[in-house]
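Engineer: Structure below; questions to follow.
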Amino acid sequence: SPPLPGRLAVFPLFLLALLLGLASLLWLQLSCSGEGPAPGGGGGQSRGAPRQPCPAPAPLLPAEEEEVSWGPHRLALLVPFRERFEELLAFVPYMHRFLSKKRIRHRILILNQVDHFRFNRASLINVGFLESGNDTDYIAMHDVDLLPLNEQLDYSFPEAGPFHVASPELHPLYHYKTYVGGILLLTKQHYEMCNGMSNRFWGWGREDDEFYRRIKGAGLQVRRPSGITTGYETFQHLHDPAWRKRDQKRIAAQKQEQFKVDREGGLNNVRYQIESRTALSVAGAPCTVLNVLLDCDTNETPWCVFG
């Protein structure tokens, strides 16, 4: 056996790994508990207001156990993502527990944009739809910084039409009647009827407003939750605008384009490559990370580049 000093040399590394693990668990607990001040002013709360408590976590279930009696449908939870790792650490285990407790068969797909263009939420959702596989039959466009706190919220198969979980009367920030962002469920058939989302929206915002027009143009009606009494306390918004600025830059050509309906593009012309596909477990919750390289025609949308 190796000499005793060699064994002792391993102990500091083990101790460091243990401390890092404990620190991660502590951060996840504080990120959605009443133990400390909220990091930002989201949801109309002032800095320093107590955070909303998270429901007690349900036990994690092995993936094979969800197949037994949870019904015929499976949700692809599509999460557009870039450089928001601390939110992802909270999101994946929370949503896996939330959906498992509701007996929703699901796959969590993290759509990580790794190119050098501006963030394109809509294109990432198109990519997630195309890469979600034949074992899922409906999707949720889901922001990584929005956690549902009310277990009465419906994530089941939206057979009657698009179902907007984060409706204007419940979302902590956006309250206009045509809002369909945050969390929106659609069957794959209905998403194809809309030709997906427009790929022309680089930077933050407006893509969901254009998608609302696509929904209407496809003859579909947006449905929303009823009987939810928790109001603006229905969700926890993790985003802190004080230290995570959104890319809201608009050049002149983009300002002219942002209120138009894109009648040409969508699922049919999204250009991308999957750099890698990695199965991960976050605090025991499974997800798949797709590293996505989007492509941009700078003649068509010159605002896709920074500067």
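Backbone N, Cα and C atoms are what each Cβ position is placed from, and that goes for glycine too.
Those TrEMBL annotations? Automatic predictions, nothing curated.
OK, TrEMBL features for this one:
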- 73-155: domain 'Galactosyltransferase N-terminal' (DOMAIN)
- 162-237: domain 'Galactosyltransferase C-terminal' (DOMAIN)
- 38-58: region 'Disordered' (REGION)
- 1-33: signal peptide (SIGNAL)
Engineer: Please count the residues of the domain 'Galactosyltransferase N-terminal' (73-155) that DSSP assigns to helix (H, G, I), strand (E, B) and coil.
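Structural biologist: DSSP composition of the domain 'Galactosyltransferase N-terminal' (73-155): 28 helix, 25 strand, 30 coil.
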Engineer: Looking only at the domain 'Galactosyltransferase C-terminal' (162-237), what are its DSSP counts of helix, strand and coil residues?
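Structural biologist: Per-class counts: 20 helix, 11 strand, 45 coil.
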Engineer: I'd like to know the mean pLDDT over the domain 'Galactosyltransferase N-terminal' (73-155).
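Structural biologist: Computed over the domain 'Galactosyltransferase N-terminal' (73-155), the mean pLDDT is 95 on the 0 to 100 scale.
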